[in-house]
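Since the structure comes first, as structure tokens, the remarks are kept for the end.
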Protein chains: 2
Amino acid sequence: MTNIAKVAIVGGTHGNEFSGIYAIRQYQANPALIQRPSFETSTLFANPEAFKANKRYIHSDLNRQFKTADLANPDLTNYEQSRAKVINELLGPKGNAKTDLVIDLHNTTSNMGACLIMTQAGPFYNQLAAYVKMKMPEAIISRDEDHLAAEDHALMCTLGRYGVIVEVGPQSQSVLRQDVLEQMHQMTAHILDFVELYNTQSLPALPKRTEAYLYLHSIKLPMNEKGERLGMVHKNVQDKDYHPIHPGDPIFTLFDGTEVPYDGDRVVYPTFINEAAYYDNNLAMSLNDKIWIELE
Amino acid sequence: MTNIAKVAIVGGTHGNEFSGIYAIRQYQANPALIQRPSFETSTLFANPEAFKANKRYIHSDLNRQFKTADLANPDLTNYEQSRAKVINELLGPKGNAKTDLVIDLHNTTSNMGACLIMTQAGPFYNQLAAYVKMKMPEAIISRDEDHLAAEDHALMCTLGRYGVIVEVGPQSQSVLRQDVLEQMHQMTAHILDFVELYNTQSLPALPKRTEAYLYLHSIKLPMNEKGERLGMVHKNVQDKDYHPIHPGDPIFTLFDGTEVPYDGDRVVYPTFINEAAYYDNNLAMSLNDKIWIELE
């Protein structure tokens, strides 16, 4: 295994997710928080213009601009597409990155607690997941399309040799909650501690099996043929991220009062329930399998 | 007393407060919900352009444009200032309004539950407060600068002969929660029922004393001389709307970890704690007295 020499902590990829933005300011004011002996840590404020505008993004979602082909496409020229190319220069280039690990800090309006999202698979990620869950049992481990090659992933964190997302909530867009910020700091510190132990081959005994969630697909709000919403997430499901949904459970309430049951044929586990940022695409929630990450 | 002949229910005064927007759609689809025998009820979508843009407002806060002098000022020409003049034509004119009661539907990201906000004082409001609190004991009654003359109030609801705000939360900006929408429907129905009983002189015996909160002033987040935020609402205070703050209680945590105590000299009750929409002005919360509304 190759050591991790450079870590980048990215905040403000979305301009109205305040935890990461204030977290990196705290890291900049007190660098000891993110320094460890065996590697260098830098910070980056990814989308300052969106923060100034108090919006998720100016022209398009920065966290969807990092496919290798898109980074190389000179016709993609808007603010976030340009910013992605600049960040690719700073931290990448993707596929041969000078940054060994990108930690991208995010918030959700959903009741997801502290969630470690991994978009690639392999021994490094499996050990990281086992360590974080051991140190922070309330943390959630999420595997998000980790069967895809990094080059086909559009997420910022896939720019590094390794990359993860720290996702904390619930927190309204454009709000900073102390409790949620503390969750972010706690999970980020565990990741940095893991890298130090990994580099120095000092990892403690790790659990052989770690509970995780594997992303399956997203489902949309009920809509009519004109694309107008006909209903909302059922109140039984609201805030119940990671709680099982059984076939036939009500998942939507239409505005006329009708309840809509889940029409799948097996138990699934929802995440990003009623996330504000996904309304543009009328996404109601993501559905997941519960799985185990096994260490050899 | 003069009967209430015309009631207007207004949703979407702020474009990213979804409960009121979807509530009036439900009322339009099923008018029986808001019809009562003794008066007419209409609905109005106040700021559709802000909703399309998924923002609180396009140019300026629509709910700060209704001072009588501003409505008459031809130099106030931006979208919301123009929209206020149009709404004044539709429901007003303020000071001699064809609308007897304006019910303006709002959300907050703060943990305020269902809150009836009254900006004018008098026997009608006192009876309304007593009735709503009797029917919905979890409701909060708030008196917001009701010592000011209506003409000096900038809020939309002051356009009518009578006017109130239904404020429900917590709900992230740009999200629709079923539980919060149901609170809004419940409180609005109680207000309409009250008007029917008031008009027909059929009010039941009302409690002689009703608990309420009287707005005192707002306090700002800690800032440096450049206007940059130095801290956040203390986690002990977050979500504790209406809970007492005693002199010396920590109310802010600075980003360097320092706790800042409340420096007032008596117990106060906070509302709109860490409300997302008030970050523009760096407002941390509103402080209130707990009072009693007495019926004769």
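A Cβ is built for glycine as well, from the same backbone N, Cα and C atoms used for every other residue.
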### Query
If TrEMBL says B:H14, B:E17 bind Zn(2+), which of B:H59, B:H106 does it name for the same site?
B:H106
#### Entry: Cβ contacts of B:H14 (Zn(2+) binding site) (under 8 Å, same chain, 6 or more positions away)
B:N47, B:A50, B:R56, B:Y57, B:D61, B:L62, B:N63, B:H106, B:N107, B:A277
#### Entry: Alpha-carbon distance [B:E17 (Zn(2+) binding site); B:E167 (active site, proton donor/acceptor)] in Å
10
### Message
When DSSP is mapped onto helix/strand/coil, what comes out for B:E167 (active site, proton donor/acceptor)?
### Response
strand
### Message
According to DSSP, does B:H106 (Zn(2+) binding site) sit in a helix, a strand, or coil?
### Response
strand
### Message
Same chain only, sequence gap of 6 or more: which residues have a CB within under 8 Å of the CB of B:E17 (Zn(2+) binding site)?
### Response
B:R56, B:L105, B:H106, B:N107, B:Q171, B:Q173
### Task
Within the same chain, and leaving aside B:H14, B:E17, B:H106, name every residue whose CB is within 8 angstroms of the centroid of the CB atoms belonging to the recorded Zn(2+) site, in sequence order.
B:G12, B:T13, B:N16, B:S19, B:G20, B:R56, B:N63, B:L105, B:N107, B:T108, B:A277
### Query
When you tally the Cβ atoms that lie within 10 Å of each candidate's Cβ, which of the recorded positions (B:H106, B:E167) has the highest tally?
B:E167
